[in-house]
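Novice: Starting off with a structure, shown below.
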Amino acid sequence: MKNKVVVVTGVPGVGGTTLTQKTIEKLKEEGIEYKMVNFGTVMFEVAKEEGLVEDRDQMRKLDPDTQKRIQKLAGRKIAEMAKESNVIVDTHSTVKTPKGYLAGLPIWVLEELNPDIIVIVETSSDEILMRRLGDATRNRDIELTSDIDEHQFMNRCAAMAYGVLTGATVKIIKNRDGLLDKAVEELISVLK
């Protein structure tokens with residue numbers, strides 16, 4: 001039986017990584033194993049090895065051609081991991097760059113990963129802005145709530161395009177403040 005490849009996406013600050021980690025812990029208690037792979041971390045490792053960046057948040061400022069090359073290499077590495085176990089790929093559906101939105105999972109990455117499910121984690125732009133302002137561990141750009149809304153809209157558009165190209169289903173999960181457990185239960189039902 002083929003291992004599942006599930007992509008979990010969301011704008012920075014939406015809580016997708018936290019949601020995914022808590023979901024994997026709960027699934028493990030039920031005997032269901034998933035390996036979490038962060039696409040950005042794999043990309044960062046490749047870029048850092050090449051001396052292109054020093055911290056993760058510099059990734060989105062790389063020129064598009066460099067980002068595309070690094071995406072392809074990261075996709076190949078993750079595809080190899082998916083041969084061994086169920087994988088959740090924690091990533092961004094789109095990356096906001098100075099030159100416009102870049103697809104987080106372009107065709108050359110999708111062809112490698114061939115995901116079964118794409119999950120978009122969302123919440124209100126006000127909640128995202130407050131989370132970003134409260135996170136001193138990251139060097140994030142400050143955006144207006146209207147910019148965050150636009151980014152979430154672009155993520156939905158991109159995720160549906162990914163679904164069209166791969167046959168993956170697309171699920172939207174709301175991760176509202178104080179309701180993480182509800183979002184975890186919803187993601188568990190998608191992954192079982």
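The backbone N, Cα and C atoms fix where each Cβ goes, and this holds for glycine too.
Pulled the feature table from Swiss-Prot, pasting it below:
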{"type": "BINDING", "residues": "Gly10, Val11, Pro12, Gly13, Val14, Gly15, Gly16, Thr17, Thr18", "note": "ATP binding site"}
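I would like each feature placed in context: is it buried or exposed, what are its neighbours, and how far apart are things?
Specialist: Following the DSSP three-state reduction, the secondary structure of Gly16 (ATP binding site) is helix. Cβ neighbours within 10 Å of Gly16 (ATP binding site), excluding its own Cβ and spanning all shown chains: 24.
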Novice: Select one residue from Gly10, Pro12: among these binding-site residues, choose the one with the most other Cβ atoms within 10 Å of its Cβ.
Specialist: Gly10
Novice: With an 8 Å cut-off on Cβ distance to the Gly10, Val11, Pro12, Gly13, Val14, Gly15, Gly16, Thr17, Thr18 Cβ center, who else from the chain surrounds the ATP site?
Specialist: Leu19, Val121, Ile128, Arg131, Asn175
Novice: Using a 10 Å cut-off, grab the number of neighbouring Cβ atoms around the Cβ of Thr18 (ATP binding site), all chains included.
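Specialist: Result for Thr18 (ATP binding site): 14 neighbouring Cβ atoms inside 10 Å.
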Novice: Near Val14 (ATP binding site), which residues of its own chain have a C-beta under 8 A away, given they sit six or more steps off in sequence?
Specialist: Val121, Glu122, Thr123, Ile128, Arg131, Asn175
